[in-house]
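Structure record follows, encoded as structure tokens.
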């Protein structure tokens with residue numbers, strides 16, 4: 001891969017040459033400062049001031065030129081707007097075509113300006129990173145904190161400028177207006193062919209989205225799945241995806257996700273009663289619920305590796321394991337064996353194919369549909385989470401067939417056993433295994449598309465403006481711009497847990513800690529709900545099931561509000577920190593401070609904790625996908641696997657905590673289990689504050 005300095009020179013607009021960041025000079029100055037500090041010529045504080053002053057000058061030159069070009073484009077759009085107004089009164093076909101071409105020229109110049117911002121933003125980020133690497137000092141934190149939040153910030157103009165967005169909006173509106181009213185200027189006989197939408201409009205609208213980091217409900221849902229979203233590339237690449245796409249196979253993956261979440265939570269309302277019926281304490285429900293997560297820690301790894309070779313075989317294996325696991329779970333009652341019950345739950349955990357489901361969406365769904373598929377993955381999970389407890393509430397019956405007992409404890413196992421058997425038949429008959437060579441092409445697509453995108457001006461906006469896939473590859477490589485070609489090994493996927501761990505920066509570790517915290521808090525809330533509500537409020541299994549179902553049903557509405565409105569008003573890091581604080585408030589409110597523990601206190605605190613943990617999850621995974629190395633976006637040991645492992649370990653620890661706390665007595669269970677949640681939440685907030693400026 002060509003180093004950034006050479007790439008910057010190759011992609012400069014010739015007439016704008018003097019206005020780009022002087023990356024070569026900045027590297028040269030950086031080397032001089034290193035030598036001077038080593039020989040005692042300058043102290044670190046003096047170096048910080050000098051380098052900050054030089055970088056300020058570079059950014060000022062970029063910003064002043066940017067404002068100048070924005071003004072030129074705005075003036076051209078205003079002049080064209082006046083011509084368009086005249087054309088509404090005097091119909092001249094030739095002038096209509098000329099006006100349309102003039103708007104397109106403005107659009108192309110606007111794309112050039114956006115790429116100008118893009119490459120300079122990358123240069124600024126890379127030189128800040130180089131300074132931190134060479135000096136071992138958090139210069140980025142200092143520089144971003146002092147510049148970005150200043151009322152006269154020029155750094156904001158580069159990374160969060162608003163003026164260019166206004167120009168983009170004006171051009172898009174005028175082009176769309178002109179095309180919409182073309183029918184007023186020409187008849188179908190003059191121009192019988194149906195005019196397709198001008199591609200410049202799509203590119204300009206795409207620029208608006210990238211510049212403002214705008215989002216919507218579907219995108220926000222897709223962030224939960226941690227499936228890296230690529231933008232539409234060339235037609236040939238999309239053709240490969242279309243050939244590889246099979247709708248029924250996608251549906252089978254989404255149904256697998258739904259059934260697995262139902263399987264996870266259908267036993268929560270009755271696990272404590274099941275434990276008691278087998279002669280164990282009610283708090284052993286923590287071990288019963290958590291044993292599935294224990295097995296999932298290992299199954300996630302081998303399923304992730306298995307999906308490199310096949311999708312059909314892992315899904316078949318998953319269905320068989322879940323069929324057998326649920327059968328053992330149901331038979332444990334008549335066998336009067338807690339061991340059989342736990343083995344059944346372990347087998348269910350070994351059948352967790354969520355890594356396969358994610359990988360299928362990432363590899364085998366066309367780019368144009370991947371966002372919808374990712375949102376479907378999250379929606380299926382949320383729906384399963386709500387349906388599990390709700391279904392348990394309807395299974396409050398008891399009967400026997402021969403020697404088999406069917407009651408509220410065993411029916412969840414039997415129902416899921418039948419569901420997985422039907423699913424297995426459906427899978428066997430309709431799933432289509434993608435061809436191996438086609439899947440390989442799809443896996444290689446991001447790097448190839450990144451290289452193609454750089455060679456075409458009009459396709460340039462298909463790359464994320466401030467943090468594209470290729471940019472992440474450069475920034476997370478060894479960052480050796482002093483060599484002609486970067487090491488190929490530096491861009492290969494991680495091949496082991498150890499190599500993946502070495503790629504974790506403080507920002508990534510902080511996000512994984514946050515993910516651990518929110519999953520821990522949610523698992524404590526859900527898993528002990530039956531024991532706590534029975535002890536304090538004497539709730540029946542049906543009431544507990546309804547309560548848990550209501551919690552699950554809040555997921556999609558909350559994400560709709562956050563995804564459609566909140567994320568457009570605030571930065572992700574602001575939402576992240578605010579959500580953590582609200583989760584902390586919910587945890588504190590959940591503690592029993594007086595002998596009397598009321599239903600309103602429990603319900604309100606549970607809603608606050610659960611709802612804001614869900615908000616936190618979406619923002620957390622969004623930030624995680626942006627700060628993690630590109631080497632963790634593919635391969636077996638990818639970011640999705642790491643987040644899954646972090647969340648699964650959190651569930652294991654939470655469920656073990658519930659069982660351990662049960663030995664202290666049910667009256668102490670609530671406060672004892674909430675204490676670790678409180679500590680972990682405080683630590684995660686501290687980690688967020690520590691890495692806050694790196695999330696910029």
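Numbering starts at 1 and runs along the chain as it is shown here.
Any Cβ shown, glycine's included, is placed from N, Cα and C.
The annotation domain 'SPX' is assigned in TrEMBL to 2-145. Taken from TrEMBL, the feature transmembrane segment covers 250-268, 274-303, 338-356, 377-399, 411-429, 512-537, 543-563, 575-593, 599-624, 668-692. Marked as region 'Disordered' by TrEMBL: 473-492. Here TrEMBL flags 476-485 as compositional bias 'Acidic residues'.
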* Structure fact -> Taking DSSP H, G, I as helix and E, B as strand, the domain 'SPX' (2-145) contains 123 helix, 1 strand, 20 coil
* To do: Would you kindly check 250-268, 377-399, 512-537, 575-593, 599-624 and say which stretch has the most C-beta pairs under 8 angstroms to the transmembrane segment (411-429)?
  => 250-268
* Is it the case that the transmembrane segment (338-356) and the transmembrane segment (250-268) have 3 or more CB pairs under 8 Å, with pairs at least 6 apart in sequence? -> yes
* **Sequence-remote partners of the transmembrane segment (377-399) [C-beta within less than 8 Å, at least six residues beyond its ends]** => 221-222, 224-225, 227, 253-255, 257-270, 357-358, 361, 405-408, 411-412, 415, 541-542, 544-549, 551-553, 555-556, 559
* Which residues, given as numbers and ranges, are at least 6 beyond the ends of the transmembrane segment (575-593) yet have a Cβ under 8 Å from it? -> 514, 517-518, 521, 525, 562, 566-567, 601-602, 604-610, 612-613, 615-616, 619-620, 623, 670-671, 674, 677-678, 681-682, 684-685, 688-689, 692, 695
* What residues in the same chain, six or more past the boundaries of the transmembrane segment (668-692), come closer than 8 Å to it by Cβ-Cβ distance? -> 283, 506-507, 509-510, 513-514, 516-517, 520-521, 524, 528, 531-532, 535, 573, 576-577, 580-581, 583-584, 587-588, 590-592, 597, 653-654, 657-658, 661-662
